[in-house]
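Peer 1: Take a look at this one; I'll ask things after.
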Amino acid sequence: MTSSIDYTRRGSSTSPLLTKLANNGELSPYTLPTIVLISIFLSLVSPSGDGGFKDGESFNKSYSYMHDTLGWIYFLSWSLSFYPQFLLNLTRKTTIGLSPDYALYNVIGFMFYSVYTCSLVWNEGIREAYENENNGSDPAVSTQDIFFAIHAVILSVAGLIQVIVYDGMIGNTARQPPSRISFIISSCLTSFAVVYLFILISTGASTNPEKITSNEEWKYVNYFDYIYALSYCKVFITLIKYVPQIYLNWKRKSTKGWNIWNVILDITGGLFSVLQLLGDCIALNDWSGLTSDLPKFFLGALSIFFDVGFLIQHYGFYGGREPVEEDLDSSNSVTGRRRHSSSNETFGEGSSKFREYGYQEVVGEVA
């Protein structure tokens with residue numbers, strides 16, 4: 001038996017339920033089967049039969065239920081994937097272990113994705129322009145896509161607020177500010193979206209499908225190409241957003257502070273999202289739904305790829321280990337330096353730094 005030292009923020013929640021759920025990542029082993037059963041139930045009781053398509057592009061009855069089930073599984077999995085990390089931050093009253101770059105990228109990326117997804121469903125001009133560009137095919141966007149995109153924006157913003165409130169991101173009081181490269185990339189992408197929109201408004205761009213597909217306007221100065229530009233920005237963000245978290249786990253030699261259920265639910269959502277998109281294309285015998293909705297495909301595929309990396313880090317290398325480096329420097333930012341705790345170690349040198357920032361020592365016995 002050895003003693004382990006854990007640093008938790010004073011004032012953090014002591015609720016046994018939340019602590020077990022968030023700090024230990026111990027969601028019920030029945031979580032995923034429950035998601036599947038709920039999804040099957042929702043597919044049976046919700047309106048079904050066309051998969052959200054029109055103009056004769058409806059699915060046959062059997063696949064329609066499969067389409068809805070796959071959609072609900074990925075929607076519930078991806079939506080729930082935000083909560084384990086949120087609860088972990090809430091109970092610890094700190095976001096140490098979560099990359100602020102990842103949190104920042106998430107907000108920008110899902111804002112772009114929600115604009116893209118909602119426009120393809122709710123804007124008739126853009127929908128018709130899509131049909132004109134894709135041989136009359138409707139956008140392969142489901143109801144679950146809409147709900148997920150909006151929900152993702154809300155939870156991503158909530159997660160970023162936690163980073164700002166608990167540990168700061170700007171100024172001398174910031175304990176874990178975002179990296180310079182993430183700040184530059186985020187600023188460039190946001191500026192691009194704002195400037196592009198300003199040009200559209202100032203030039204009187206229209207969502208009229210006839211104008212969008214004609215030569216009367218600049219080739220790319222229309223709302224149809226604007227939402228696709230945002231969608232490709234989202235793909236780029238998805239490509240890079242996991243890298244800072246993987247690097248942080250590697251640097252700390254630990255996944256402490258990064259809830260593994262976030263990853264398990266995320267990879268489940270990514271898998272079933274891709275399966276739904278591929279299944280739709282097969283059922284309709286029309287692969288334009290894949291090529292014209294690459295953002296959804298890459299969102300799922302890239303999630304699967306990087307989540308495998310997180311699973312390897314957690315279960316193969318660092319699972320359960322305390323950070324080997326985690327200290328606070330004079331500028332109040334987390335540099336990631338801390339020695340392993342052992343049975344003979346007390347607070348000793350450096351403990352005052354943790355107390356200074358509102359931490360307390362919790363000593364417990366572990367096997």
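Any Cβ shown, glycine's included, is placed from N, Cα and C.
Okay, so TrEMBL annotates it like this:
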{"type": "REGION", "residues": "328-352", "note": "region 'Disordered'"}
{"type": "TRANSMEM", "residues": "30-49", "note": "transmembrane segment"}
{"type": "TRANSMEM", "residues": "69-90", "note": "transmembrane segment"}
{"type": "TRANSMEM", "residues": "102-122", "note": "transmembrane segment"}
{"type": "TRANSMEM", "residues": "146-169", "note": "transmembrane segment"}
{"type": "TRANSMEM", "residues": "181-206", "note": "transmembrane segment"}
{"type": "TRANSMEM", "residues": "226-248", "note": "transmembrane segment"}
{"type": "TRANSMEM", "residues": "260-278", "note": "transmembrane segment"}
{"type": "TRANSMEM", "residues": "298-318", "note": "transmembrane segment"}
Peer 1: Quick one: do the transmembrane segment (181-206) and the transmembrane segment (102-122) have at least 3 Cβ pairs under 8 Å, skipping pairs fewer than 6 apart in sequence?
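Peer 2: Result for the transmembrane segment (181-206) with the transmembrane segment (102-122) is yes.
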Peer 1: Report yes or no: does the transmembrane segment (298-318) come within contact of the transmembrane segment (146-169), defined as 3 or more CB pairs under 8 Å with a sequence separation of 6 or more?
Peer 2: no
Peer 1: What residues elsewhere in the chain lie close to the transmembrane segment (102-122), defined as a C-beta under 8 angstroms and at least 6 residues from its ends?
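Peer 2: Here the qualifying positions are 52, 95, 130, 139, 141, 145-146, 149-150, 152-153, 156-157, 159-160, 162-163, 169, 178, 182-183, 185-186, 189-190, 193, 223, 227-228, 230-231, 233-234, 237-238, 240-242, 244-245, 295, 299.
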Peer 1: Below 8 angstroms Cβ to Cβ, which residues of this chain, lying six or more residues outside the transmembrane segment (260-278), approach it?
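Peer 2: Contacts of the transmembrane segment (260-278) (Cβ under 8 Å, skipping residues fewer than 6 from its ends): 25, 27, 31-32, 35, 67, 70-71, 73-75, 77-82, 84-85, 140, 142, 289-290, 293, 296-297, 299-304, 307-308, 310-311, 314, 319.
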Peer 1: Which bits of the chain, at least 6 residues beyond where the transmembrane segment (226-248) starts or stops, bring a Cβ under 8 A of a Cβ in it?
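Peer 2: Cβ under 8 Å, 6 or more out: 97-99, 101-102, 105-106, 108-110, 112-113, 115-116, 119-120, 126, 179, 182, 185, 189, 192-193, 196-197, 200, 220, 258, 294-295, 298-299, 302-303, 306, 309-310, 313, 336.
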Peer 1: Below 8 angstroms Cβ to Cβ, which residues of this chain, lying six or more residues outside the transmembrane segment (30-49), approach it?
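Peer 2: Counting only partners 6 or more residues beyond its ends, the transmembrane segment (30-49) has Cβ contacts under 8 Å with 58-59, 61, 64-66, 68-73, 76-77, 80, 261, 264-265, 268.
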